[in-house]
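Below is one structure, written out as structure tokens; the observations come after it.
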Amino acid sequence: MELTRRSAILLGASAIFVAGLPKIGAAATGDDLIAEFTGGAEVGEGDLKLVAPEIAENGNTVPIEVSSGSAAEILVLAMGNPTPSVATFKFGKLAASRAASTRIRLAGTQDVVAIAKLEDGSFVKASSTVKVTIGGCGG
Amino acid sequence: MRKLTGAILATLLTTPVAFADPVDDTLVLNEETEIVTRTAAPDHLSDSLDEVMSGWLFRGKETRAMQADDFDNPGMIFVEQAMDSWNAVDGSEGKSCASCHDGLETMAGVKATYPKWDEAAGKVQTLQMQVNECRTERMGAEAWPYDKGNAINMEAALSSVSRGLPVNVAIDGPAKETWEQGKDMYYTRTGQLELSCANCHEDNYGNMIRADHLSQGQINGFPVYRLKNTKLNGSHSRFKGCIRDTRAETYKPGSPEFIALELYVTSRGNGLSVEGPSIRN
Amino acid sequence: MASGVKPRVKVPKSAAAGEAITIKTLISHKMESGQRKDSDGNIIPRSIINRFTCDFNGENVVDVELAPAISTNPYFEFEALVPEAGEFKFTWYDDDGSVYETSKKIAIG
């Protein structure tokens with residue numbers, strides 16, 4: 001198509017319009033999700049442990065464990081997945097520990113990140129790089 | 001051609017050190033049943049192997065742990081589904097498996113002896129074929145498709161009650177001919193890659209094949225829950241995948257060729273414990 | 001309701017009052033991610049368990065929000081306090097609106 005002055009202006013206007021819209025439908029990045037969880041608060045390090053295998057035999061089923069002494073909530077993200085959300089654990093009054101294990105899907109080698117909201121309202125982060133191997137024959 | 005095959009094989013089977021070796025670990029199920037995962041090779045293998053090893057020894061720590069506890073083992077979900085069908089009446093005769101056999105636990109030891117010669121049928125039968133014989137001959141029900149849902153779940157359930165017992169299939173007598181056929185298949189190179197079962201699983205177990213560990217290809221752990229497809233997989237389906245990967249036309253699950261190969265490959269694990277449903281990659 | 005969904009939980013039969021116990025849960029569910037395509041190239045719609053909760057005598061133990069990155073047959077392990085005899089209630093919420101529940105009693109002793 002030939003770009004006339006008029007259509008260029010229209011294009012520019014629509015671009016501004018699109019950029020001004022909230023990101024509905026667009027995949028949130030891991031950083032977006034962290035910002036949403038923390039409300040933009042600073043994230044330190046400390047009372048949070050993330051255990052994940054160094055090498056996952058298969059990205060379909062990767063066992064992980066998060067634990068903390070004083071977390072009220074723990075957000076888990078797979079930063080390299082098409083949608084980084086994995087899970088959010090909220091610990092209730094009868095949780096004997098602020099720890100949980102589950103099995104997750106990883107699309108490839110990447111960082112798994114956990115962010116905990118501690119009881120004092122502060123946030124801490126732990127992360128672990130998991131190598132996802134590409135199998136042999138795979139049968 | 002031979003040279004080319006050698007080159008392809010060398011690329012497939014790069015050998016980075018001890019990393020790929022079988023681990024030194026012991027499998028105890030539910031903190032009570034010790035599983036034999038390595039033992040002296042059966043006599044018929046004395047020329048080729050000293051020791052036979054379960055594929056469990058070639059898996060990572062997390063995968064090994066997942067199999068050690070029935071709750072953690074997702075394969076047991078399908079065993080539970082099979083237990084429902086064990087008790088469910090099906091077919092024109094108004095019978096369930098339990099009508100003749102009582103509880104599933106009465107089948108302990110059965111899996112360890114299959115495939116085996118069936119006098120009435122005049123051929124070697126696999127456990128799935130035996131189940132289908134019960135269904136069609138005694139229950140008046142339809143046969144289950146080979147290696148699919150109900151059939152593989154039932155094989156896993158029957159295997160689960162034999163776990164810890166030694167695999168012990170007969171290779172002599174009337175089964176010998178079928179066993180010989182399976183053995184020929186095992187050592188015959190197939191496909192554009194010209195690979196036999198033995199090239200990988202006898203000559204190169206403990207080496208890496210791309211990023212994975214090559215095991216001895218034992219099938220004492222079948223049916224296996226594979227992390228890759230998160231369901232139970234039968235040995236015939238696995239054979240099919242291997243043969244396809246040699247770039248060959250493959251056989252169908254339940255075919256006479258795979259029955260023979262199942263008998264032969266099972267016999268290579270005589271002495272290992274029945275392990276299915278196991279967890280593999 | 002998605003087919004073949006079956007919850008399993010592992011809870012000790014008894015505990016001392018105030019004891020911390022380990023609970024394991026697993027539900028058979030395909031956890032269709034919404035990222036996969038069928039053989040015709042069409043996206044297979046997302047169908048997952050999106051929330052799991054465990055409560056004891058009406059008090060919450062854990063409340064988990066699940067995304068499609070949770071593996072097929074979702075598995076959780078966590079610890080609960082047992083202040084008195086009672087019943088654990090486990091609830092899984094499916095995208096399609098189905099709710100799967102199971103419960104386990106625990107005695108003190």
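Using N, Cα and C of the backbone, Cβ positions are placed for all residues, glycine too.
Features of the protein shown, as given by TrEMBL:
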type	residues	note
SIGNAL	B:1-20	signal peptide
DOMAIN	B:81-167	domain 'Cytochrome c'
BINDING	B:C97, B:C100, B:H101, B:C134	heme c 1 binding site
ACT_SITE	B:C242	active site, cysteine persulfide intermediate
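Everything TrEMBL records as a feature, shown here on the structure.
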| residue | record | DSSP (3 states) |
| --- | --- | --- |
| B:C97 | heme c 1 binding site | helix |
| B:C134 | heme c 1 binding site | helix |
| B:C242 | active site, cysteine persulfide intermediate | helix |
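Rounded to a whole number, the distance between the Cα atoms of B:C134 (heme c 1 binding site) and the residue listed as 'active site, cysteine persulfide intermediate' is 30 Å. When the neighbouring Cβ atoms lying within 10 Å are counted for each of the recorded positions (B:C97, B:C100, B:C134, B:C242), the highest count belongs to B:C97. The C-beta environment of B:H101 (heme c 1 binding site), restricted to residues of the same chain at least 6 apart in sequence and closer than 8 Å, consists of B:M107. Neighbouring residues of the recorded heme c 1 site, listed in sequence order and excluding B:C97, B:C100, B:H101, B:C134, comprise B:K95, B:S96, B:A98, B:S99, B:R138, B:M139 (Cβ within 8 Å of the Cβ centroid). Taking 8 Å as the upper bound (exclusive) on CB-CB distance to chain A, the recorded positions B:C97, B:C100, B:H101, B:C134, B:C242 give B:C242 in sequence order. Note: the domain 'Cytochrome c' (B:81-167) comprises 44 helix, 9 strand, 34 coil (DSSP; helix = H, G, I, strand = E, B). Across the residues the record lists as binding heme c 1 (B:C97, B:C100, B:H101, B:C134), the two Cα atoms farthest apart are 11 Å from each other. Model confidence over the domain 'Cytochrome c' (B:81-167) stands at 97, taken as the mean pLDDT rounded to a whole number.
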